[in-house]
Amino acid sequence: MKRLRFNQQEIVFAVFAALFLVFSIFLRGFLTPENMLTLLQNVAVLGILGLAMAIVVIGRGIDISLIAALAVPPGLVLQMVQNGHSLPASLLTAVLLTIGFGLVNGWLIAYAEVPSLFATLASGLLLAGLGQTALFQLDVVQWSDGMKGFERLGQGTIVGIPTSIVMFAIACVVVAFLLRRTRWGAYIYAIGDNPYAARVTGIPSRPIIVLQYVVAALIGCFAGLVMAASVNSMPTRIFNSTLIYDVILVVVLGGIGLSGGRGGVLNVIIGTLLIGTMLNGMTIMDISYAGQNLVKGVVLLLAVITDSFLNPRNEETAQQGDI
Amino acid sequence: MKRIVSSAKVTAIALGLAAIAAPALAQQGLDEPFQKPFKEALAGKTVAYVPVAMNFDLTEGWYAGMKKELEPFGVKFEIRDPNWNTNAGAQAVTSLISEKPAVMVIHNPDVQTYAKLLQRAENEGIYVIQINMGSAYRSSAFVGANWIEIGERDTEAVVKACQGKSNKIAIVQGALSAAASAYTLKGVENVLAKHPEIKVVSSQAADWDAAKAKAITQTVLKQNPDLCGIVGFWDGMDIGTAAAVKEAGLTGKVFVATSGGGERKGACELVKSGAFDLNMSYDVPTQAAQMAGTIKWLLSSGAKAGSIKGSEYTTLIPITKENADSPTACWNLSDLKK
């Protein structure tokens, strides 16, 4: 008899479906179109960040500095506009800063061979520190008149759908295309699956790894712009928050194994949906902040345990010094 | 002859005037006996400032205000920035105790973490001034806002705005363990106890985070589109709350009350734009001046650290559409730094 086997994606989807069903039945006001849109809107930025993290994790890395890329370059845009620079010039500066940051990350990991966890931990601190000491006047950079019109990136609706959801959808399509339809995407899977074999077959693994971190930083910056537009300011000290854990939670929960080479955009969407449903349900039930953290912690632990059962460490994965 | 008489008269008058004036001219200025010991008490003393973090309007404002008042007297004003990290803050306080500054100005992240350390500092002879967010230990002085009063006045305004409406309100708290959040909540409860008709549909902590405040408020507004008011706990975070209200098209219908330091961009501009209906300002420049005044008084008093304990609650300025345009309701950080 064939043994029943589920992969993590299916398990998480089943959990999501069950939770969704329970909330729909028992929580008044949960299953309304408005609430569904709010649910998605609340996790859109998290989802975009999840896409960036997914690219890196599929390539067998991790990017702890993602929140710095989310906070600092968009904060710089707001600060420069506040100081009287034009919006296009500020955006260009921010994008260049982001690319530079991604290059540094990539170089450290691909060429200097610093483990990605430590490299991005340090570089994230560096970028956030740079922002705080040199770039911003205050932690929360306020929206100014020069940004007029740009708030549409995160506020309002496009054909009835909140803009931030549309941005998440666009990001999903772009990343799915990059991963599934381009040679670069195939290389990332190959490197994530087995970096040595990838190198032997002639894949330019080091430049690909660098590119991976540049793209992740750019997506992070994009998420930051959506967030800033959505709350009409850039609270740059979000770097000190637990957001990065939520991002890892989305990715791991969605079924992208930390040992690399597996998963895709669909996993991020499923992970995001589960988190969104949990947060939304807990907010409607008025569960305290500490209680919500507890639930999230338990879920992350369960996800990591499931991950290590479904993607067990073996000779091959243990050798590359994954996290 | 006539000329001689008149010139004699003039001379006599002049001499008479001189005689009256003479004692005054002869006397030296009176030395004020107290300013010299005052100056000596301050010169060369170190004042250490430990905020929860720099780089936001409150802590930058206090820093600029105290620096301006103290440095002309030769006080060394030092800063230790824990950057929102409570452990780093506790370490900073611990190392300061061994460095023995004359005064420590402490901004507590919560009511417990520093309490024992502050007591130790006073035992070591260091004056401790706690600002805006106090701890469980009462030190030489507390200078700051009366959070209970803020909670009460904000809630009263929301309750008033809710009259004849749905009576449904939401509360957006800060970080649960912070004095500012816990005491404000107490103030909110005090008022709600008198108004049983008010229904709190949501009371959640957004951890001083604007994005989180927005997410919570969005969900609450979708569940309760007839909400009539929101009590927010800090304007820096409630930018998110207000953004959610605006996005739901409910600006003006949902009364948003909050509190903050009264910096122009964060307070008056946002009240003018309609984001906030009421912003209780604790007026940072005045607070800074009171902090500096307390430091001067303590240093010159010669009192033993820990032997006297007092509080200075700052007067609140309610910022509404009526006074948001006035030049005195808010302050500019850039001006204070000059």
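Quick reminder: no glycine exception, Cβ is built from N, Cα and C everywhere.
Pulled from TrEMBL, these are the features on record:
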TRANSMEM  A:12-31  transmembrane segment
TRANSMEM  A:37-57  transmembrane segment
TRANSMEM  A:64-81  transmembrane segment
TRANSMEM  A:87-110  transmembrane segment
TRANSMEM  A:117-138  transmembrane segment
TRANSMEM  A:158-179  transmembrane segment
TRANSMEM  A:208-232  transmembrane segment
TRANSMEM  A:238-258  transmembrane segment
TRANSMEM  A:265-284  transmembrane segment
Segment proximity, the transmembrane segment (A:117-138) to the transmembrane segment (A:37-57), 3 or more C-beta pairs under 8 Å: no
Top partner of the transmembrane segment (A:158-179) among A:12-31, A:64-81, A:265-284 - counted as Cβ pairs under 8 Å: A:265-284
For the transmembrane segment (A:64-81), distant same-chain residues with Cβ under 8 A (at least six beyond the ends): 49, 52-53, 87, 89-91, 93-95, 97-98, 101-102, 105, 117, 120-121, 123-125, 127-128, 130-131, 135-137, 141-144, 146-147, 216-218, 220-221, 223-225, 227-228, 233-239, 241, 243-244, 247
Selection from A:117-138, A:208-232, A:265-284, the stretch that has most Cβ pairs under 8 A to the transmembrane segment (A:12-31): A:265-284
